[in-house]
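Reading through the structure tokens given below for one structure.
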Amino acid sequence: MFGNLLTKMFGSRNDRLLKQMSKEVTKINALEPVLEALSDEELKAKTTEFKERFTQGETVEQLLVEAFAVVREASKRVFGMRHFDVQMIGGMVLNEGKIAEMRTGEGKTLTATLPSYLNALTDKGVHVITVNDYLATRDADWSRPLFEFLGLTVGCNVAGMTTQDKQAAYQSDITYGTNNEFGFDYLRDNMVFSPQERSQKPLHFAIIDEVDSILIDEARTPLIISGQAEDSSALYKIINTLVPTLEQQEEEDKEGEESTGDFTIDEKAKQVYLTERGQIHIEEIMVEKELLTAGDTLFSAANITLLHHVMAALRAHKLFQKDVDYIVKDDEIVIVDEHTGRTMEGRRWSEGLHQAVEAKEGVNIQNENQTLASITFQNYFRIYEKLSGMTGTADTEAFEFNHIYGLETVIIPTNQPMVRKDLSDLIYLTTEEKFEAILADIQDCVKRGQPVLVGTIAIETSEFLSDFLKKAKIKHKVLNAKFHQQEAEIVADAGKENAVTIATNMAGRGTDIVLGGNLDATIAKLTNPSEDDIAKAKAQWKIDHERVLELGGLHIVATERHESRRIDNQLRGRSGRQGDEGSTRFYLSMEDSLMRIFASERISNMMRKLGMEKGEAIEHPWVTRSIENAQRKVEGRNFDMRKQLLEYDDVANDQRGVIYEQRNELLDNEEIGSVVEAIRSDVINGVIDQHIPRQSLDEMWDIEGLEEQLKGEYATELTIAKWLEDDSKLHEESLREKIITEFEQAYKDKEEAVGVDVLRQFEKAVMLQSLDSHWKEHLSAMDHLRQGIGLRAHAQKNPKQEFKRESFELFTEMLDNLKYDVVGILSKVQIRAESDVEAVEEQHRKSEEVPMDFQHQSASSPSEQAQTPRVGRNEPCPCGSGKKYKQCHGKLA
């Protein structure tokens, strides 16, 4: 109550920020007549003046008023477009490292030019990040004339570019690109072999367009660079034949009763679980197929791989649907993004799930992947010194933006008042009744000529609805993941009179639906148009635009509610841009997945008891409240999942930071002799400690073992036993010093034999090779630890604490193993000439240049391992040498 009273008295924080920024806008507007009087050359010279003032100590904030005024004046001259006052406020919000919520059609692309220009004056680079290559290229091409007029360069960073092209893009003052590509470039830069191969500069300032899509929707799934592991396609095919023989259990087990089915499905968590009966059933079949020996169990450590295969196949068959979660195209499984409805060419689900779906659909099974590098968007974007974003719908997720990223959301008022009519939801008992009502609404719009956009959640629904409209002889266009090549053309026509467009969630997001059709697209279709042709096209567009406004603008028909209110609001936002007329209506049924899984059964029973007739809809506050509660439940669960992923990835992120920092130091330092010397000291002391424990009795010393290890692993032959015979005064400390001195002398002899420069270069090559090899191995170990850590809860242990503890132990062990391997290789290897060093570097380069997959995929699929039993690093080497695997064939030569 007191909070509301204070808000009434002093205004909300949002109101206060807007009021404060409006004062700055007044100052910017006051400069307009002054800048209008300048020539083009004088206006361009302002950029050089601002840069000089920045180097002399003025801050970006002190330059803001003048810089924004210059961009507005340049935009008037280049585009004939003047930034609105609300766009100026949006630019200030972005410059302060906040999120600007701006409604669809309010000119986010033009708004972004203001903070982009201002922050580019620092020469540290500005990244403008969008959701796909088309939008990145479009926005870069559109803004380039403005920035080049002001003396700045613009680059575009999209998939498939060469290293040289990427470096050129990043050297530009302002770089447009996709979130995936910026993230992958960061990972790739930490896998290069020389500083000259890096693309990115230190990450300074980023503006994220559709920030909710990138930082919320895609944040549950990490970016992964992986290489191919070994082939186990035959096993996938065999397991695939087992799944159809299993029966689903509809009800939960009751205490004391046996399972009635082989597996259960949890639709909320999107998981499948084997019952005890299912486990026995599968084990019997596997014994028949000779995958298991009689009496063996699926849950033993040796068979954990088989269990992962079974669970992946179960999920593929029971949870992942064709034309909803993926499509089959050109003998390949192509994932469909659940948030946008777009196909994600080249992306693959991780840890065996994709191969299981390939086996299910009978297409070619591609090899599994091994993780080479990975990062989540949360941790990538938190590297930037300053981060900001724009979207039409951020307010519902404002808490998460603040909690995870420390980003405040500011709601920017619209330039024109919003007049769109958001009609109340209509709820039907069955899907059939719902679609009949949708058809009636579309027919009414068609009769009057009002354009209508029908929003669906899945490709399957859009195709079903398309068939439905064909039977009713209604002309329409379909915009979904299967046809997004024609996306721009379909969106350009969606606002025309009589247009009926069916679209999945993507709904041409990032492209405005203009009432009366897109004028620029119409002019682009003309062949060598004259001034007269363009004038005629503009006049005709004006007539068409006014006509559609008279009809009520764009009408949005939504076929069901999405699990996130934000996605629903995005669909609504397609209509009513810049003060245009428009209307929206959601049609729901009690059979919709959201209602079926989350809405109360009481509502369904209530609707039946009301004795509703077929085709009759219900509009009731109870039902609306129940739907909103259902959406909040899902949003809350998804937030928890993202938060949990971040908590786990924060552990890996600290380790990643250490490794990448060490790697970059290795790359940047010409001479790493002192680093190797410190490592040698650690290793030789560690080896001595194993055989001559500190402050121990002579009887506890293992001199023979020490001599053998030094000779076998470090090619250093020392007669320590003879030293002790010859000198009775040698004690623990003096003996240690003598061993270290002789060990160092042997290395100095090698240095003199091959030359200091050659050895330093070789040290660097070996360090990089060993670091990369151990880090990849560590990532794999972390993946496996992460997949199984949830089971610790059964032992009354906190999985997160256990993960932190064990991952730290793994990391410490990895760093120790790295040191021992590096010293072992450097001690044993015989270097004859500089060509030997080049050969090692080339071998490392080739080992890294395997075909790589760049994935942004599910982090929650079941774990998958290669079929061949993995030899533990501390187990005896299979070659029979008697040494540990890590000290024999487990080591990279």
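In case you wondered, yes, glycine gets a Cβ from its N, Cα and C as well.
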- Message: Among D467, D493, D512, which residue shares the ATP site with Q87, G105, E106, G107, K108, T109 according to Swiss-Prot?
- Response: D512
- Listed in sequence order, residues with CB under 8 A of G105 (ATP binding site) and six or more positions away: D512, R577, Q578, D580
- Can you check which residues sit near Q87 (ATP binding site), meaning Cβ under 8 Å from its Cβ, same chain, 6 or more apart in sequence, and list them in order? E106, G107, L110, T111, L114, N415
- Counting other CB atoms within 10 Å of each candidate's CB, the least crowded of the binding-site residues E106, D512 is D512
- Item | Largest inter-residue Cα distance among Q87, G105, E106, G107, K108, T109, D512 [record-listed ATP binders, Å] | 17
- Same-chain neighbours of the ATP site, Cβ within 8 Å of the mean position of the Cβ atoms of Q87, G105, E106, G107, K108, T109, D512 and not counting those residues, run in sequence order as M102, T104, L110, T111
- Item | Residue, out of the binding-site residues G107, K108, T109, whose Cβ gathers the largest set of other Cβ atoms within 10 Å | K108
